[in-house]
Amino acid sequence: MITGIQITKANNEALLNSFWLLDDEKAELRCVCAKAGYAEDQIVPASELGQIEYREIPLEVQPTVRVEGGQHLNVNVLRRETLEDAVKHPEKYPQLTIRVSGYAVRFNSLTPEQQRDVITRTFTESL
């Protein structure tokens, strides 16, 4: 379980009033903010901070890990004829933008091989 804490007493003066996320299971702390000596998001073993006292800070959201399986879907709403015409006459389609592997790209900036690959993968005869 993750607990938000504010350090109220420590041998290291820079730790006073700093905020951390404490992971009891891993015995680690993630720095939220500190005066000096620790960077934001730095993860340290609990033992590194030495003897400390703290007060718990309520967290609004409990972090969770969720694995979806790594699938994604690119949607291009175009006709095959439009892309084929863009290959033959790129000057007619200077603003044609498509989605490729999660990012947007101008169709005319792709190499001819990449353009053919997009057309082949986007328009199939059957599943």
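Heads up, the Cβ atoms here are built off N, Cα and C, so glycines get one too.
Features reported for this protein in Swiss-Prot:
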- 5-127: domain 'Glycine radical' (DOMAIN)
- Gly102: glycine radical (MOD_RES)
Summary of DSSP states over the domain 'Glycine radical' (5-127), given as helix, strand and coil counts: 33 helix, 34 strand, 56 coil
Mean pLDDT over the domain 'Glycine radical' (5-127): what is the value? 85
How many other Cβ atoms sit within 10 Å of the Cβ of Gly102 (glycine radical)? 8
